[in-house]
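Undergrad: Grabbed the feature section from Swiss-Prot, which reads as follows:
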| type | residues | note |
| --- | --- | --- |
| SIGNAL | 1-25 | signal peptide |
| CARBOHYD | Asn165 | N-linked glycosylation site |
| CARBOHYD | Asn233 | N-linked glycosylation site |
| SITE | Cys288 | site 'May be important for catalysis' |
| MOD_RES | Ser295 | phosphoserine |
| CARBOHYD | Asn371 | N-linked glycosylation site |
Amino acid sequence: MRLGFLMLLPLLLLPLLRPWGVTRALSYDPTWESLDRRPLPAWFDQAKFGIFIHWGVFSVPSFGSEWFWWYWQKEKKPQFVDFMNNNYAPGFKYEDFVVLFTAKYFNANQWADILQASGAKYVVFTSKHHEGFTMWGSDRSWNWNAVDEGPKRDIVKELEVAVRNRTGLHFGLYYSLFEWFHPLFLEDQSSSFQKQRFPVSKTLPELYELVNRYQPEVLWSDGDGGAPDHYWNSTGFLAWLYNESPVRKTVVTNDRWGVGSICKHGGYYTCSDRYNPGYLLPHKWENCMTIDKFSWGYRREAEISDYLTIEELVKKLVETVACGGNLLMNIGPTGDGTIPVIFEERLRQMGTWLKVNGEAIYETHTWRSQNDTVTPDVWYTSKPEKKLVYAIFLKWPISGKLFLGQPIGSLGETEVELLGHWQPLTWTSSQPSGITVELPLLSVHQMPCKWGWTLVLSNVI
């Protein structure tokens, strides 16, 4: 017994024999108090703009929203019942849509190129929505995954490889904790979540598999199904994610880990869908929103007025970043794997705008004022290390003069330029504060961009 202990002693002492100058990595306990102390990896705040992709079996009926199955079978909303009666044979089940979910035209490289053109710095892809269909070959989702059925391809892997090989975007995954109609979840739910058969046999094994196999740098949890975080063992999983996982140094997480966690616990806050407070928050947050005003998934019945214009999208990006948030802008591909032209157009338009104005978005900080209280539709960001303030204005004044009520300029020190024009602009000081900028006389074709412009102000207070 003593000999065995002596042989084991060197192994026990190994953690103490670190080289000088090497510090032990921070370790987090499986409690919110400990987990919430983890610093958010810097890349996320610097990124500012990401793309959300909702794609699944729901993309085949492509009617109403990605909640099609629930609205049809559970709530039995008349428009969904009528849609099925008018378009599919009696007895057609939701599971039958998977045969039609071919992803025939899905080209991960093409998707990656479009994402790169958008100017986004990260992408979050739905690995599994509330319908339970996994977009990779999960052995916990037998005959209800993209490798066994439908596309018969590992969609997650194909997109991950394309994004990492062809773009500079960080790759992230969305995962729904619960599933609407999974019998084990329904059984646990009927016990008021005293039983934990579903998370133990389904949710947690899939989460560990996703992280180990695809190494996402964003893990976007959703869908607690009315269950508390301890039912999902969220703190235990996150402790492993932060301490031991292959992405422990770079991964960011959101706040949807069980009832009571949203807008309170997690890496960054989402608070609600399309959350956009319009003022500065003390915690990093994200505005996850949709180009289609009414759905995250593709809708075949959508009209042109249902889509946000590029002007509206630029405004959402600017006001979100000015208030310290990131914008996660959603698109919904079709069942055959194509990105609808209107989504591609919006993505490329955002990229065009960011090529000119990205300096005022990426790696910026909030300023002492988020927006101008005198002139509407003017939002501020800053780079204090360079003594720069950016004033992003969404309406070009007819007079050619833009009054900014917040900055205080100094004669001989303050300089003003228009991003994409790069000629010093004349400005005058106003009392008691503010400056008036003489904008350049430009024709439509000389404009550096079309949907919002940025003034770079140096040495203002």
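Note: Cβ is positioned from N, Cα and C throughout, glycine not excepted.
On a predicted model such as this, the values are computed, not experimentally measured, just so you know.
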Undergrad: Could you find out if DSSP has Asn165 (N-linked glycosylation site) as helix, strand or coil?
TA: helix
Undergrad: For the recorded positions Asn165, Asn233, Ser295, Asn371, which one has the sparsest Cβ surroundings, going by other Cβ atoms within 10 Å?
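TA: It is Asn165 that, of the recorded positions Asn165, Asn233, Ser295, Asn371, has the fewest other Cβ atoms within 10 Å.
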Undergrad: Specify the count of other C-beta atoms within 10 Å of the C-beta of Cys288 (site 'May be important for catalysis').
TA: 23
Undergrad: How long is the line from the C-alpha of Ser295 (phosphoserine) to the C-alpha of Cys288 (site 'May be important for catalysis'), rounded to the nearest angstrom?
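TA: Spelling it out, the Cα of Ser295 (phosphoserine) and the Cα of Cys288 (site 'May be important for catalysis') are 12 Å apart.
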Undergrad: Which secondary structure state does DSSP assign to Asn371 (N-linked glycosylation site), in the simple three-class scheme?
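TA: Strand, per DSSP.
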Undergrad: Please report how many Å separate the Cα atom of Asn233 (N-linked glycosylation site) from that of Cys288 (site 'May be important for catalysis'), as a whole number.
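TA: If we compare the Cα positions of Asn233 (N-linked glycosylation site) and Cys288 (site 'May be important for catalysis'), the gap is 25 Å.
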Undergrad: I need the CA-to-CA distance for Asn371 (N-linked glycosylation site) versus Cys288 (site 'May be important for catalysis'), whole Å please.
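TA: Cα-Cα, rounded: 21 Å.
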